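One structure is given below, represented as C-alpha cells, and several questions about it will come after.
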Amino acid sequence: MSAAIWVVVPAAGRGTRFGAPLPKQYLQAGGQILLAHTLDALLAHPAVAGAMVVIGQDDADWPGWNEWAGKPVLTCIGGATRAASVLAGLQALPETVRADEFVLVHDAARPNLSPADLGRLLEVGRTDPVGAILAAPVRDTLKRAGDDGGIDGTEPRERLWRALTPQLFRRHQLSRALSDAAAAGVEVTDEAMAMERQGQRPLLVEGSEDNFKVTTPADLDRFEFVLSRRAG
C-alpha cells in the first residue's frame, strides 16, 4: 500500500460545550494532549504520509510541531465552521498531493482510532471511485419526539448508521463538494454529507464503538480509562 495518503485534522474548534479552559484537543490524557494521541493513531499507519492540522486564527495552545512519528505535520488556519476548516486544509496540502489522490479527514478529538479500523477503511475505500467512511450501526431504539416532548413514534433502525471518522475521499471531489455546499448556504456536518449533495454514495465501513469523540468530561474519563487498561 503506497504511503501517499495525507490526513486533514480539523482542530480549529474551541470546544465550548466541553466547558474546559482549553479547547478539548489540548486537554491532557495519559501524559499527553488528545491531539497527540490522535496523531499517534493516524501517523503510525504506513500508508499515511503526513498530517495537515487546521488550527484557529488565535490558537495560542498549538505546540508548534512540524513532525510526528517521523512524518511531516503542517498547519493552516481554519474557518468559522468544520466544513470551512476542512476545505482550508485540503487547499493547503502540499503540491505533491495530486487532485485525484485520496485524503483522510479525522476529528482532532477522536483519539482512540484503532489500526485495524484505519487499515480496513483504506483497504475498502480506495477500491471505490467515491470513497468511504467509518461508521457504526445504530443499536439503540430510536424515538421520534413531538413538540411537547412526548413520543410520536419509533424509528426503524435497520439501515441507520452513526457516522465516524476518518472519512476518505479524493481531494478534488471533496473540495468541490464542500465549496458547493458553502456557496449554497448549506451547513454540512461531515464530509460524507457534502459528497451526498453531489449525488455520490460513499461506502460505509463498519468501525469500532471504541472510536468515540471526546465531547464531554465523561468521554475524557472514558478515554483515560482506556489508556489505563492499555498500560496494563
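A Cβ is built for glycine as well, from the same backbone N, Cα and C atoms used for every other residue.
If you look up Swiss-Prot, you'll see Arg17, Lys24 marked as site 'Transition state stabilizer', on the strength of sequence analysis. According to Swiss-Prot, the site 'Positions MEP for the nucleophilic attack' annotation covers Arg157, Lys213, on the basis of sequence analysis.
I'd like to know what surrounds each of these features in this structure.
Lys24 (site 'Transition state stabilizer') falls within a helix when secondary structure is assigned with DSSP.
Within the same chain, residues at least six positions away from Arg157 (site 'Positions MEP for the nucleophilic attack') with a Cβ under 8 Å of its Cβ are Val138, Arg139, Asp140, Thr141, Leu142. Under DSSP, Arg157 (site 'Positions MEP for the nucleophilic attack') is assigned to coil, being neither helix nor strand in the three-state scheme.
Annotation for Lys213 (site 'Positions MEP for the nucleophilic attack'): same-chain Cβ neighbours under 8 Å, separated by at least 6 residues, are Asp107, Ala109, Arg110, Asp219.
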